[in-house]
Amino acid sequence: MVVPLKPLDRAKSRLSDTADDGLRPGLALAFAQDTVAAALTCPAVRDVVVVTDDALASRELTALGAGIVPDEPRGGLNAALAHGATVAGAARRAACVAALNADLPALRPPELARVLDAAAAFPRAFLADAAGLGTTLLAASGGRELRPFFGPGSRARHRESGAVELGLDGVDSVRQDVDTGDDLRAALALGVGPHTAAVAARSLITEQ
Ligand SMILES: Nc1nc2c(ncn2[C@@H]2O[C@H](COP(=O)(O)OP(=O)(O)OP(=O)(O)O)[C@@H](O)[C@H]2O)c(=O)[nH]1
Ligand SMILES: C=C(OP(=O)(O)O)C(=O)O
């Protein structure tokens, strides 16, 4: 499993309506910690590799059990994911490699397991985000290349690239990425992990 994470001081700019400049880096880290911890707890996930240049996030996510890969070749999100997938796949001759956004604080391991199990039936498959425009997970099986097209509007681009869209119900926690204040409130309503819950409580952010 490959998880991309940009430097915390630049992350989650669209959350500025709900969290100010002083708060966003801590929230972005908490989202990543809850995402990575849930993925590591999922029996279907053998290991988690985080592609990041952020020193604090590297320390905290290593402590959870993730591996860290530097953000290379510095060509943006998809280049970083392709690099991470190559490193992760080469390291363990992975049967299946998947990219997962780092902003899924409500992620539940059994739901992630269902998505990965469904994805394994196809050469490449993806899950659309809760908003219906983006992607939260892209998987490639049988040693195939991941070919990620994440970014705004990525659902359409992943479809056009030939990846199969997974039409699963009951996997809301895997779809609920957090870009805006409304997304954060929706994630809190689903139930977030302990890191995000603690930051939200300290900052008086609630689901209302
Ligand atoms: N390693 C790496 N990760 C990235 C890069 N750009 C985005 N990401 C990560 O990709 C995932 C999806 O990105 P976005 O949802 O756009 O997150 P974001 O860039 O923090 O949010 P905004 O500032 O609001 O656009 C998040 O986990 C980001 O941390 C990049 O250039 N390198
Ligand atoms: C990177 C993505 O996330 P966002 O919707 O947050 O841009 C994506 O959906 O591909």
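Each Cβ is built from the backbone N, Cα and C atoms, and glycine gets one as well.
Heads up, TrEMBL stuff is auto-annotated, nobody curated it.
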Message: Based on TrEMBL, name the residue from T135, T136 that is recorded for the same phosphoenolpyruvate site as G151, S154.
response: T135
Field: DSSP-derived structure type at T135 (phosphoenolpyruvate binding site), helix or strand or else coil
entry: strand
Statement: Fewest C-beta neighbours within 10 angstroms among the binding-site residues T135, S154 belongs to S154
Message: Quick check: in three-state DSSP terms, what is S154 (phosphoenolpyruvate binding site)?
response: helix
Field: Residues flanking the phosphoenolpyruvate site, with Cβ no more than 8 Å from the Cβ centroid of T135, G151, S154 and excluding those residues themselves
entry: G134, P148, F149, F150, P152, G153, R155, R157, H158
Task: Enumerate same-chain residues with a sequence separation of six or more from G151 (phosphoenolpyruvate binding site) and a Cβ-Cβ distance below 8 A; give 'none' if the list is empty.
output: L77, N78, R157
